[in-house]
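Among the features that TrEMBL reports, domain 'NADH:quinone oxidoreductase/Mrp antiporter transmembrane' is placed at 27-81, 88-220. Per TrEMBL, the feature transmembrane segment maps to 60-78, 85-106, 118-138, 145-162, 182-208.
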Amino acid sequence: MVSFVVSPMKLVSLGVMLIGTMLSVSSEELVGVWLGLELNLYGFLVIMNPDGHYSPEPCVKYFVVQSTGSILMLVGFVSLMEQHVVSGLVMSMAGTVLKSGVFPLHSWVPSIIKNSSWLASGLMLTWQKVAPLVFLSMILPSKSLWVVIVSMAGIGAVGGLNQNSVRVMSAYSSFVHTSWMLLGLTWSSVVFVGYFAVYSLSVGLFFYGCSLMNKMSMGSQLSSAASG
């Protein structure tokens, strides 16, 4: 029997992530959007390696990518406040695209997912997308948004064909679902929420099952080694 225990630190981190996302999505000010994304980031960093059992590499990579995106967004927001509209929009869009992990700044996603825990991978493919995608759908021009939608669908469909890692295949699959979520955002928030809920549930159940199988496999290997 494999138990599922969530430590107090993880619960606090999940709460910080929830508050950050809600703040970012509901804020009417650019500063509020940025602050919410930062709260979400720092809460998630704890989830990625709460007890030091996993390699720090994906955590460091994720921090570097997200921090770069945050800096670009902050510079863009300041430029917009200073009435530098063109440069402000470009920087804001570049930062949001990078943080969202969508085309053309999507290549970091599979490599980080591959070496992360099942919980971190599942959250990265679901909850971590909410705030950046919502903001991206608001600031990206319609034609550019359609380019992202079509490109993500194509990359996800083709990129996952020659992969032998479940996590990496899930990352490419998430590209396809990201395109559908962006499409849902262009229609209505109800469509987006419905699709996101179903997708998140399926990812959560699948990754939880994979985690259980990994634990049981490791347990049987340890038992065999001890008896041998």
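Each residue, glycine too, has its Cβ placed from N, Cα and C.
Nonlocal intrachain contacts for the transmembrane segment (60-78), taken as residues 6+ away from its ends with a CB within less than 8 angstroms of a stretch CB, comprise 30-31, 34, 37-38, 41, 44-45, 48, 87-96, 98-99, 108, 111-112, 124. Beyond the transmembrane segment (118-138), the same-chain residues lying 6 or more positions past its ends with a Cβ under 8 Å from any Cβ of the stretch are 10, 17, 20-21, 24-25, 33, 36-37, 40, 44, 47-49, 58, 62, 93, 96-97, 99-102, 109, 112, 145, 148, 167, 170-171, 174, 178, 181-182, 185-186, 192, 196, 199-200, 203-204, 207-208, 210-211, 214.
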